[in-house]
Amino acid sequence: MEGALTARDRVGIQDFVLLDTHTSETAFLGNLKKRFSEDLIYTYIGTLLVSVNPYKELDIYSKKQMDIYMGVNFFELPPHIYALADNAYHTMMAEANNHFILISGESGAGKTEASKKILQYYAVSCPSTTLLDSVRDRMLVSNPVLEAFGNAKTLKNDNSSRFGKYMDIQFDIQGDAVGGHILSYLLEKSRVVHQNHGERNFHIFYQLVEGGEEDLLHQLGLESNCQHYSYLVQNECANVTSINDKNDWKTVRNALSVIDFDESDIQHLFGIIASVLHLGNVQFEADSKGYATLNKNTELRWVSTLLGINVQVLQEGLTYRKIEAKTDEVLSPFTVDHAIYARNALAKAIYGRTFTWLVNKINDSMENKEPSRKTVIGLLDIYGFEVFYVNSFEQFCINYCNEKLQQLFIQLTLKSEQEEYEAEGIGWEPVQFFNNKIICDLVEEKHLGIISVLDEECLRPGEATDFTFLEKLEEKMGSHPHFITSVNNTRGGECSEFAQLVLSIHCVCVCVCVCVYVCTQVMRQSKNAIVRECFASTESDSRRRPETVASQFKSSLLGLTDILMSKEPWYVRCLKSNESKQPGRFDDVLVRHQVKYLGLMEHLRVRRAGFAYRRRYELFLQRYKPLCPATWPHWRGVAAEGVEVLVQHLGYLPDEYKMGRTKIFIRHPRTLFATEDAFEVCKHKLGKGMKARRNQEIIETCWRGVQARKEKERRQWAVKVIKKFIKGYMTRGEAKTTDNSEYLAFVRQNYLNRLKDNLPKTVLDKISWLTPPPVLTEASAILRQLHMRVMVTRYVRGITAQQKAQLQLKGITSVIFKDKKDSYPQSVSQPFVDTRISEQDINMKVLQIIRHERIKYSVPVVKYDRNGFKPRPRQLILTQTAAYVVDEAKIKQKVHALHALEHGGDLVIQCDHLFEVLTKLSVVANKQSAINVVQGSWLMFISSISFQIQAGKEGIVDFSSGQESMVYKDKNGHLMVVIPYCDCFQRKKSNKQFLKQEFRLDCLRVV
């Protein structure tokens, strides 16, 4: 706070206590206006917060702002409602006692918004759990519900609270917000049936009509038009541009579900609201004798349906007065005026009791009833003091409440000041201020006060009117120095704002028997659960007149006073900057009026009684020690002694300050201003006035301290990381938890980085893929498959058309021979050629014969006769239509392509290029499946195959191994084929090349 004093000429003083001319209203208003012009809407008077409504959004309520004010000394930062809320919370936790925050001000000054900001601050700043979040949600959403049912548009405020609200926020021993409880005071029930011009009924009526779903409105018998309902059109402003009833309806519906209202309660609640609207449309007509009758009772039937009451009982209660004489009951008919009054009384009673039920329901949902010890912070959002040309009974009670709270306010402020002076050993100086106890006694004194006179007037025989009541007041208290009425308004002298009321009691003197009969007897028959509960039979059935509203309010106000007296107070005073709600406009006359009736000048005088400024020795010395060579840079002794040395050096006069037990008290603000100005100059000279060596030592010391703290923080961080790493390693095999999540993330990142630098370079590398950790097994398999596909794609895109054709043929060979012929691996590395015999080597006669057929492939072979197995050199020529076995200039045999390999007699042919020939033949014939491969062992080729010599006659070919290769006719008449041993083992050596070629074939098939 002291740091802001240097800018006091521009932005004013943050604490009015430091005003030099503290008794001047002009200086007070000037400081307030100066701060308001800089969008500084908050100012302190000690620990009291003054808030001026700016009528615009200010960027001072963000989460960042909340963090700034958490756990900070009250005067350390600029004034803010968060500072007050935070200090109330921490004081409650430190002292383990109860506190309350009193929010007061005129209608439209921002009281409701202030209470919302405090609730939001506690919701964010207090510890959080799922259970606590649920409690906070209910406390926060209770606001829009209570605003819908208890707020209305007035001439001064579009969202004016028409009831007093006191909310206790319950905290457990750890400081968690665990519950809440709400008390409501004096709902303005008369607004249900009557509103002044330019004002509206309670918000909920318009929200239901404008925002209710079509099915719901149909069930309630309502139409989506406010102009159809008498209780909503008296004001001629059912629709207001600044209020969005449809959006507010959605907010209320959602809030009711959060507060745990079941669907049945919600339906009954809206049924009651609709019944009040229908009740307002009930019209009476006079019969020939002048008595009230109901000819068209459509609206009454809807009331009957929604409340679950027999329509005849309801009609009788609205048109007849029930008079009991001993054992007899007589029904006396109403006039139209009395019937209208009875209808309105019923509407007000239903709505008023429903509002009380709603508050109790909200309390049930958020109140913590556990027996454990709890402390509370109460929020009192009370209606504002206002004086109109004609003041209603509710306004009378509101202003009485404000006077009572002002009396409490002054008492508690004086008490806290006296206690602080006594605790510090400073003599208390009496303070001159206006004590409004005489005003409160004027209202509430037994037998002599206004409320007692009002009660007597309501009970006396005959008809009570405004004039008889005023005459009674003149008779009882006409000589009171603070009492003025319209009958006698010539008396001068000082009086409270409250005493300027012009009273009107037409809404107080009532026909009690009507309300008792209709509101109690009839409503008890309701089938609506809420109505039945509101008018429960547990209420007294005594025939004694019930307590008047004024007496009830007086009793509840005394109860509230007792509650507040048991708690430590904090205050927020809200001011309106102007009547037209224009941002940036400051109405001096209006603000001066509010400053006066809120008692801010009296509070300032109390706070300035004797000394304007006080601060703990440690804080005062810490800030101003550079001003004295004896205390700079370090004071080694007791702080109080250091402060004494400091003020002596600054030249404080004995009457300008006092030394308490823990604080220094400074009498005049100008003394503090001079000290602060000197400190501001000193700050700029400190660096220049010291010797270079001293500066160097200090800077070096500070730098080493900074480095040491950084090193400490780094090591602490390292310890935490290592602990977490070890714990994560120990639990690495378990499911992901908070203990191993960071370790597993490190393992994943490390593996992926290593894998990136060690990826296989070729498709044949199937062993260098890094082994993944267990947590990445599945991911590694997917990545490996993707990487293989990428490499295959690159390989395939790089081969030529000729290579592709070669691989396609090799693929066919693989399908036919892989895992079927042991010699197949040797052939994989040998490329196939287009032909083994050029056309120049084929006899011209043969070429002439097959000139119309295109030669696909030719190869030299050895053909064995089927009889005798004599070998004969031949040429095998494959064309697109047939296979020819040629002997120099003569075609020895022709096999048509459609019957290749399946004709009547088999050919026994030996060929050095077996796999190539059979692959070409299968492609030309397009019959790969017709090739039969006989398998044998690599070491012992002892197997046989049979072939067809001609129909019905077979030949046999036997296979064996030996020293050298040979083919001959064996003694048994079979053809014997001998393979050398070395060829068997050579096949093993070709496995590596076979695998390479075979993988290329697989790649081709994949693509």
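Each Cβ is built from the backbone N, Cα and C atoms, and glycine gets one as well.
If you look up TrEMBL, you'll see GLY105, GLU106, SER107, GLY108, ALA109, GLY110, LYS111, THR112 marked as ATP binding site. Other Cβ atoms within 10 Å of the Cβ of GLU106 (ATP binding site) number 25 in total over all chains.
If you look up TrEMBL, you'll see 12-680 marked as domain 'Myosin motor'.
What TrEMBL lists as region 'Actin-binding' is 557-579. Away from its own ends, the region 'Actin-binding' (557-579) comes close to residues 32, 36, 47-55, 81, 84, 87-88, 91-92, 95, 97-106, 108-111, 114, 156, 166, 183, 185, 376, 378, 380, 400-401, 404, 408-409, 412-413, 416, 585-587, 590-591, 594-595, 598, 600 of its chain (Cβ-Cβ under 8 Å, at least six residues beyond either end).
In the shown protein chains, 27 other C-beta atoms lie within 10 A of the C-beta of GLY105 (ATP binding site). Across the range of the region 'Actin-binding' (557-579), the DSSP-based residue counts are 9 helix, 9 strand, 5 coil.
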